There are 2 protein chains.
Amino acid sequence: MSELSALDETIQNLMYEVGERTKAAMTKKLQIDEKTSPHDLVTDVDKSNEQFINQRLRQLDPTAKIVSEEGFGDQVHDLAGRVWIVDPIDGTMNFIMERENFAIMLALYVDGQPTLGYILDVMKNRLYHGGPALGVWENETRLTPPLNRGIRDSLIDVSSYILMNDIHHAQTAARAARSIRVFGSAGISMTQLITGRTGAYITNLKPWDLAPGRVLCEALGLVVKPIDDHPLDVLSSNFVLVAVPAAANDIEQLIN
Amino acid sequence: MSELSALDETIQNLMYEVGERTKAAMTKKLQIDEKTSPHDLVTDVDKSNEQFINQRLRQLDPTAKIVSEEGFGDQVHDLAGRVWIVDPIDGTMNFIMERENFAIMLALYVDGQPTLGYILDVMKNRLYHGGPALGVWENETRLTPPLNRGIRDSLIDVSSYILMNDIHHAQTAARAARSIRVFGSAGISMTQLITGRTGAYITNLKPWDLAPGRVLCEALGLVVKPIDDHPLDVLSSNFVLVAVPAAANDIEQLIN
């Protein structure tokens, strides 16, 4: 077994372990705090998951840097070397309100290259994992690239803020699609793309929201590109289009 | 056991049986046709489910009338007597594209009164069932009324057409909520309401989309009301707001 495969197996086990911790924590009352607004919440589970994951990563990979959402990671200013990107609960609002449709996510970038990605849909017990060298898997099943359909034959997923405010003409793309979906979790949205349920996703994502899904999407031939004038930056927020190539082409023609 | 309880048990079994038939049919290639547009599809499973359900209902309740989506029911012009309302696949687009997040739905109205309602989330194996006399259940678990939260503490669910076109000022309501969701199936949206995951739902529904959820929502104290000048009509399309009372109050103040 290669070094990468062995690391991947260890991280898969870590992901399932954090998933079980999360389900156990959901039997107790959540402690909920506002971050920037009533629309941006954090719970004690986000924090304790992040501390748990980061501690494990520091044991496993002591010289790596860690970028993580809730402040227990490092100050990371460049992508040299090994960088882990951690989202301890993605879709915290769904975690609180729906108690499903949220994810735990992790990515490894090596010298800026997408290397390993993990998205655990906790309540469905579905771990999406892999990368360019290992292929992309749903639990034990290897995934093939989704059908390369145009936007008129696809569902489109748009973050509600972008949809409502028609940012970058997202409504024009949305009207062309078969129908619109809004899931409220970047991780869940990425799993819908890599399984071919949706064909395109237009959103604004923080590093920990984008990095894991980007590894898996690119490894399956999906396009991950900016929809504004800024190049993709793993360490900052990005307006992005993630789509199968045919839908991406259609959308670029529609919105430019 | 009362006559209604016995009927309810028979219908629950029918629902699970149709759910299993549906999952079996999903292992074969679907035959997909357009109805009014590429956004409005029907499959051979919609049709065969409807024929199967209607045939059973005619055996069980020979003098009742049947209103159903795909044309195998009766021409029903009034609500006198017993009327069954059948949606053989709700969220056909999700059935085709997501292969989850669709429902099979059934309702019984007696002299216009909501009496029994059934929503089967097929892929999650969750049957929501009951009515004003029997209570509302998720499989074997009785549900209690969802928390009566205002719109600012709730997720709102809005159909994409209404959201994009800001019909009846739905965007104003959406901006007040914690966040927006679009699921693409009235049945799934109704299950999110009765389990307290979302607090409000603004949509335009056909009889078979609204009738089953209305029975369950009203039995749990949720408000089901028109958002235009037309009174609710079980036999036609309705622009409706379905919400817990506090969120319904908030929304009415916001959009009127």
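Using the three backbone atoms N, Cα and C, a Cβ is placed for every residue, glycine included.
Predicted automatically and left uncurated, TrEMBL annotations should be read as such.
Now, the feature entries from TrEMBL:
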type	residues	note
BINDING	A:Glu69, A:Asp87, A:Ile89, A:Asp209	Mg(2+) 1 binding site
BINDING	A:Asp90	Mg(2+) 2 binding site
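A coil conformation is recorded for A:Glu69 (Mg(2+) 1 binding site) in the three-state DSSP classification, outside any helix or strand. Other than A:Glu69, A:Asp87, A:Ile89, A:Asp209, the residues of this chain whose Cβ falls within 8 Å of the Cβ centroid of the Mg(2+) 1 site are, in sequence order, A:Asp46, A:Val86, A:Pro88, A:Asp90, A:Thr92, A:Met105, A:Ala186, A:Gly187, A:Lys206, A:Trp208.
There are 24 other CB atoms within 10 A of the CB of A:Glu69 (Mg(2+) 1 binding site), with all protein chains counted. Taking the Cα atom of each, A:Asp209 (Mg(2+) 1 binding site) and A:Asp90 (Mg(2+) 2 binding site) are about 7 angstrom apart. Look at the Cβ of each of the binding-site residues A:Asp87, A:Asp90, A:Asp209 and count the other Cβ atoms within 10 Å; the largest number goes with A:Asp87.
In the three-state DSSP assignment, the secondary structure recorded for A:Asp209 (Mg(2+) 1 binding site) is helix. Within the same chain, residues at least 6 positions away in sequence whose Cβ sits under 8 Å from that of A:Ile89 (Mg(2+) 1 binding site) are A:Thr22, A:Thr43, A:Val45, A:Asp46, A:Asn49, A:Phe95, A:Phe102, A:Ala103, A:Ile104.
On a Cα basis, A:Asp90 (Mg(2+) 2 binding site) lies 10 Å away from A:Glu69 (Mg(2+) 1 binding site). In the three-state DSSP scheme, A:Ile89 (Mg(2+) 1 binding site) falls into the strand class.
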